[in-house]
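Novice: Relevant sequence annotations retrieved from TrEMBL are reproduced here:
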DOMAIN    25-68  domain 'RING-type'
DOMAIN    164-205  domain 'B box-type'
REPEAT    514-542  repeat 'NHL'
């Protein structure tokens, strides 16, 4: 028999799941403010969309920040997108939203802003104490139902909320969704029925939910369960086989290894091409990596290495010679790092001049920043962008990380000793910071769902040995591995997501010059600036030299910082104050 404690635990569990999956905007990573849907059904804060979309003119196009689907701005601009009443309802009922709601009637009727204390669950208006009593007295809204926020959170009213709740048609703003067109498989309003669905088979929303949504959910659930079982069986076989191989390598004599290599190699090949994972996307790649010196160490029982699963799109062709697509002068010699904002602006740091500069996509100077929220910059070094336009800026002599809004206002400050290069992982939950000349380490900071930043790890040594000498810059790979450029001796470290050494790169014939900039493209190719040798190295994800992207012959002069722009081009800063963008992939 369920107890009150069990009910509370279940409610907290539900609230945690809803918080994780439904109420955090992918752009700002905070609770939704005015949740707004794009046609692809991804939801964002309306304010975040306003910042993200560079051109709000009707008919202009942009890509969804999540799925990259091209979307057209409606005739009404942002107002033309659909408001997500489902998420708003979750905030008002299951969750206790931290956002204060404004009384919509107060704004319209008395031109004043008052805090709402209740909500009409019929028309979705938020109301203060004064207007909540007036609302049901109006001839137009006399049949509406108003509940206080306390009642909204009470389970006693949940059934009534579900029965009363109406959803506005995104095409016809004054009409409620009333029917489900089974011919077109879409919910529609009365105007939709008359204008576009005349003669179609219509059913009630309740019946549609039972017949359509439950059936679809059941089918997908069954398919997922089958795939899960197949994948579990495959993973179990992989583990068993690799464990056997590992034991053979560790404990078997050399003759055992040689006698069994064909049998177990064939088994691994079979697992790699097993039909159990046919339905997994094609880009899922299974690779078995071995130690570099495995051939020499077999007789001593060296480990097999790691089985890694990574998702990668098909690799494009690399141009035999990169093409310079853009060149502009920053106005300051020795620009340091560079990053590209979501609206395609270039931001460069100039430590020696204690400033940061902003340029348009064609290189036109836009802005010069010497202080942030009244704090004077003292050697700004590393810079990177969130998808919503916020920035992470490291300031060496202030010993700070600044989390900045797109308007350069300080949102958070984090104390960090000697911060140089900075990087965000793909899902924006981790910031890596190279702490060069003093700490000789890489600090890893986690970002929780509320945006709080906490130091969670410091990568400094391994097995009692110093791992870095002068870590200067960092970059994340798509699989979470971390790339660190290290000066004197000049090398590149590739670390696992947990910070363990995986590969090292020192250039062809160990002649890598000073590696000041590092970035990773969409295919996990690593690009590193070689300042001493006036060139850019293209390095594979496992630390192998592929080719030079640009050299002194291409006009490259002491390359410093680097990044990848939205077109997939490599953008590099140079000692002489210039910025160059190189197209190095076949488009």
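From the backbone N, Cα and C atoms, a Cβ is placed for every residue, glycine too.
Note: TrEMBL annotation is automatic and uncurated.
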Novice: Restricting to the same chain and to residues at least six past its boundaries, which positions have a Cβ under 8 Å from a Cβ of the repeat 'NHL' (514-542)?
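Specialist: Residues packing against the repeat 'NHL' (514-542) from afar: 289, 310, 312-313, 315-316, 318, 337, 421, 472-479, 481, 483-487, 490-492, 494, 503, 505, 507, 548-552, 556-564, 568, 570, 572-573, 575, 582, 584-585.
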Novice: How many of the residues that make up the domain 'B box-type' (164-205) does DSSP mark as helix, as strand and as coil?
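Specialist: For the domain 'B box-type' (164-205), the helix, strand and coil counts are 9 helix, 14 strand, 19 coil.
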Novice: Check the repeat 'NHL' (514-542) for me and report the mean pLDDT.
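Specialist: Overall, the repeat 'NHL' (514-542) comes to a mean pLDDT of 95.
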